[in-house]
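> So TrEMBL has the following annotated:
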REGION    25-77  region 'Disordered'
COMPBIAS  28-37  compositional bias 'Basic residues'
COMPBIAS  38-57  compositional bias 'Low complexity'
BINDING   T129, D203, E228, K258, D262  substrate binding site
DOMAIN    263-424  domain 'S-adenosyl-L-homocysteine hydrolase NAD binding'
BINDING   G294, E295, V296, G297, K298, G299, E315, N418  NAD(+) binding site
Amino acid sequence: MWDSGTGAFQLPEWMIQFADQKQEFNKRPTKIGRRSLSRSISQSSTDSYSSAASYTDSSDDETSPRDKQQKNSKGSSDFCVKNIKQAEFGRREIEIAEQEMPALMALRKRAQGEKPLAGAKIVGCTHITAQTAVLMETLGALGAQCRWAACNIYSTLNEVAAALAESGFPVFAWKGESEDDFWWCIDRCVNVEGWQPNMILDDGGDLTHWIYKKYPNMFKKIKGIVEESVTGVHRLYQLSKAGKLCVPAMNVNDSVTKQKFDNLYCCRESILDGLKRTTDMMFGGKQVVVCGYGEVGKGCCAALKAMGSIVYVTEIDPICALQACMDGFRLVKLNEVIRQVDIVITCTGNKNVVTREHLDRMKNSCIVCNMGHSNTEIDVASLRTPELTWERVRSQVDHVIWPDGKRIVLLAEGRLLNLSCSTVPTFVLSITATTQALALIELYNAPEGRYKQDVYLLPKKMDEYVASLHLPTFDAHLTELTDEQAKYLGLNKNGPFKPNYYRY
C-alpha cells in the first residue's frame with residue numbers, strides 16, 4: 001500500500017507479521033504442528049524404519065520372489081526375479097540401451113567370430129540395469145556362460161532382470177531385496193551343482209568376499225577378478241597386502257576410461273536426476289556440502305554449481321582440496337556448515353563420514369544422500385532408535401523425525417543415490433562396460449605367468465582402444481602422427497600415447 005506521507009510503497013502490517021512468522025517456522029517446527037502435517041502425508045510408526053522390501057513397486061505382487069515358482073518360455077527355472085512376465089518390457093529397454101552403447105555393440109560384432117571368452121564361466125555381481133544387460137549379452141555372444149546377482153538391493157530394474165531370465169541367463173535379483181535376500185542371491189549364483197565359475201566380475205567386492213568366506217576352494221579354478229568400484233578395489237588391495245589374494249585382479253575403477261568418464265561425467269548428470277525425482281526441489285540458492293572431491297565429487301559439485309547452488313566441499317587430501325579451491329569451492333570441515341546446509345552429499349568411499357552427531361545438528365528438512373558405492377558413509381544405523389520416528393513418504397524417501405519435530409530427508413537409506421533413485425546416462429556406461437569386457441578377455445586369455453596374485457591396472461593401450469570405439473558417435477576425427485613426429489616423441493604411431501604415470 002502507498003504511504004500518504006512519504007509517497008513510497010510499503011507492505012501492509014499483516015504481510016510483515018506473516019513473513020516474521022514464516023522465518024520462525026523455518027527455524028524449528030513445533031512438535032504438534034509438524035507431526036500432524038506429516039501424518040496426513042503418510043502413515044507413521046516407530047518401527048517403519050526397517051527396510052527394503054517396502055520399496056518395491058506397490059503395483060507388484062508382494063510375494064517374495066524366493067517363494068514363487070516361475071519358468072521362462074524354454075521351461076527353465078534357474079533364476080529368481082520379481083516377475084518373469086515383465087520380460088517383454090525389459091527387452092525393449094535393453095534394445096534402447098543398445099543404441100547408446102556403440103563400443104560394446106562394435107566389440108560384439110568384431111569378436112563374435114573368434115569367441116575370445118569361449119569356456120569362460122563368469123559369475124557377476126553388479127547393478128542389474130539395461131546397460132548391464134547389454135554387457136551380459138555381449139559376454140554371452142563372445143562365448144561366456146554367465147550367472148548374475150545384484151550388488152545393490154535397490155538398483156535392479158525388475159523388467160530387465162526378467163528379460164535376461166527369459167533369454168536364458170541365470171539372474172537372481174529384484175528391486176527391494178532384504179539383506180538376507182541379497183546374500184541368498186549371491187549364493188545361488190555361486191553354489192550350483194555342475195557349474196563352477198572361473199572368472200569374477202564384481203562391483204563392490206561382496207561377491208569376492210562371499211566366495212572367500214564360503215567357498216575358498218573355488219579360487220583354485222578362478223583365473224581372475226575384475227572389480228569396478230572404489231570400495232571393491234580397496235578390499236582387493238587389503239587382501240593383496242595381507243598376502244591373501246590368491247588370483248590376479250584387474251582394477252577397472254582406476255582405469256582412465258572408468259574414472260575420468262563414468263565417475264565424473266555420469267555423476268555430473270545423475271546427481272541432479274536423483275535429487276529431482278525424489279525431492280522435486282529447486283537447486284538455485286540452496287546450500288550444499290559435498291563430502292569428497294574425487295572424480296565423483298567433482299561431477300556433483302560442477303552440476304550443483306551450474307544450477308546456482310552454493311557448494312561447500314570437505315576433503316582429507318590436500319591435492320584434491322586445492323583442486324576444489326581452484327575450482328571456486330569453499331573448503332570446510334563438516335562441523336562448520338552442518339547447521340546451515342540444505343543438502344549433504346557423501347562421495348568418499350569411507351565410513352561414518354556423516355555421524356549421528358552431524359545428523360542431530362542438521363537443520364529441519366535437510367536432505368541427506370550418498371553417491372558412493374557403499375552404504376557405510378552415512379551412519380544410518382544410529383537413526384534406528386526408539387526416540388526417532390521414520391516415515392516413508394515415497395519410494396526411496398524417508399523422513400526421520402526427532403522428538404522436537406525436526407526432520408531430515410534420507411534418500412535410499414544411505415545407499416547409492418543415482419542407481420537407487422533414478423537412472424544413469426547409458427553412453428557413459430558403455431565406456432565402463434567395454435572396459436570391463438576387455439579386462440575379462442585380457443585376464444581370461446593371458447598366458448600363465450603374465451599376471452601374478454596381485455592387483456593390476458588395465459593396460460594403457462586398452463584404455464585408448466575403449467576411447468577410440470566411442471569417438472565415431474561424435475563424428476570425431478583423430479589427428480595422426482607423422483613418422484617424423486612419432487620419432488621425435490619416441491612413440492608408436494598407433495599408441496599408447498601416454499606413459500602409465502600420466503595424469504589425465
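Backbone N, Cα and C define each Cβ position, glycine as well.
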> Please list, in sequence order, the residues in the chain of D262 (substrate binding site) that are at least six apart in sequence and whose C-beta is under 8 Å away from its C-beta.
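Looking at Cβ-Cβ distances below 8 Å from D262 (substrate binding site), excluding near sequence neighbours, one finds V428, L429, I431, T432.
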> Note the mean pLDDT of the domain 'S-adenosyl-L-homocysteine hydrolase NAD binding' (263-424), expressed as a whole number.
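The answer is 95, the mean pLDDT of the model over that range.
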> Just how many other Cβ atoms lie inside 10 Å of the Cβ on K298 (NAD(+) binding site)?
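The answer is 23.
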> Could you tally the C-beta atoms, other than its own, that fall within 10 angstroms of the C-beta of T129 (substrate binding site)?
23
> Sorry to bug you, but what's the C-alpha spacing from K258 (substrate binding site) to G297 (NAD(+) binding site), rounded to the closest Å?
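About 15 Å separates the two Cα atoms.
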> Go through G294, G297, the listed binding-site residues, and name the one with the sparsest Cβ surroundings, counting other Cβ atoms within 10 Å.
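Across G294, G297, these binding-site residues, the one with fewest Cβ atoms within 10 Å is G294.
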